[in-house]
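> Sharing a structure with you now.
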Amino acid sequence: MTDTYDIIRSVLTGSFLVPEAELGPEATLEQLEPDSLALAEFALILDERLGVKIEAEHATRTTTLAEVTEYVDTLRASDTVTAP
Amino acid sequence: MTKPRCSTIRRVAVHVPADRQTGTEIEDEVRSRNPGVRLMPGILRQMYGFEERRVAPPGSWPSDLAVAAGRRALDQAGLGPDAVDLLIYASVSEDVEEPATAHVVAYKLGVTAPVFDVQNACNGVLNALEIADALIRAGRYTRVLVTTGELGSRLSALPVRDRGELALLLPALTLGDLGAALLVEASDRPGIRAAVFCANSSSWPAATVANPYFGPSAPAPAVRFDSAALAASFPGLEARAFEALHAAGRKPEDLDLVCVHQPSVAFTRTILDSLDVPEDKAVPVFTAYGNVATAGLPLQLAQAARRGRLRPGDLVALFGLASGASGGLVLLEWSP
């Protein structure tokens, strides 16, 4: 169990002002704002917080929070393995 | 030789402005021009894989970039301006609405031959090659100089009033400056083998640069790049263009070099994948030059030649995608 899901939730509520009540594992990134800029900003913030490079196809409007969490967890785990 | 059978690209030359501008510098500039609009640092790298572009000196015109490249191509061929039979200017950027910028280029170069402009967004140079090839094959001209001068960096200075307008301008922030020229000549040996184009014109509103003399009086963004609509306008065009390859009895694996329009790193990868072309056959230029529009294909060709990746007889595909939308493929045998 990691803190990824909680961090993603806090990014959405803190930086994108998405109401807490609207966020659940099955919620999609559509709630950010319907423009491509917001999705790129979301990926940038996660990079700053967690040091992970998110490919655009893993953070689209239809991606759910559960899917992003799983993907970011994979990236974080592989970073841990390859770290010197 | 009154009615030659073939045309070939004898020389390709580019003019690369010395000044560089990084993504961070562009973002800082946009932020300082539009203080009310939030722009997160690093967004150009995140969205497009952009690192930097070349920027022409203040006071430069598109024709200046085309002239510098055109002169280089002629010098390399050991020719003077009087050797040119026809000059075509095929850029997105133009000096003036009238006359054709080709006249400005010809005058500055000292060319006195007939001239005209060809415009089809980022596919202008590819269409100019198609036209040059057809005219040379028809015996109308022996030596055609195709030129372009892209000055897209100027669009970054356009004002944005809100986040919506910023999103529509964002792809234009990666436009880089570059001049390019291709000297196309009559030849007994095959050079340009095929040229095929297709269009999806119902998608024309996806990316527009307004004409200042016509259109609505209400203020609207002069430049609108709807990335999602643009991306949706392309699918299918690459397959139709690549039918030319199959019609010529060739397969993607027969190609020695593939130059593709590069509006971002991710898009370039997608296009290569859809064409079934491995990345090592391409020449990546977007990261270091940005989107140089019509000058992108000649830039890749020139870089490949300079790095010794082009040998006589090599089979080369020039594949273009442009707003409109249009797709085009020029298939050639490198025979300088």
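Backbone N, Cα and C define each Cβ position, glycine as well.
Checked TrEMBL, it gives:
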type   : residues  : note
DOMAIN : B:116-196 : domain 'Beta-ketoacyl-[acyl-carrier-protein] synthase III N-terminal'
DOMAIN : B:245-334 : domain 'Beta-ketoacyl-[acyl-carrier-protein] synthase III C-terminal'
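Help me picture these features in the structure, burial and contacts included.
Helix first, then strand, then coil: DSSP counts for the domain 'Beta-ketoacyl-[acyl-carrier-protein] synthase III C-terminal' (B:245-334) stand at 38 helix, 21 strand, 31 coil.
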> The domain 'Beta-ketoacyl-[acyl-carrier-protein] synthase III C-terminal' (B:245-334): mean pLDDT?
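Per the prediction, mean pLDDT sits at 95 for the domain 'Beta-ketoacyl-[acyl-carrier-protein] synthase III C-terminal' (B:245-334).
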> Under DSSP, the domain 'Beta-ketoacyl-[acyl-carrier-protein] synthase III N-terminal' (B:116-196) has how many residues in helix, strand and coil?
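Helix, strand, coil within the domain 'Beta-ketoacyl-[acyl-carrier-protein] synthase III N-terminal' (B:116-196): 32 helix, 30 strand, 19 coil.
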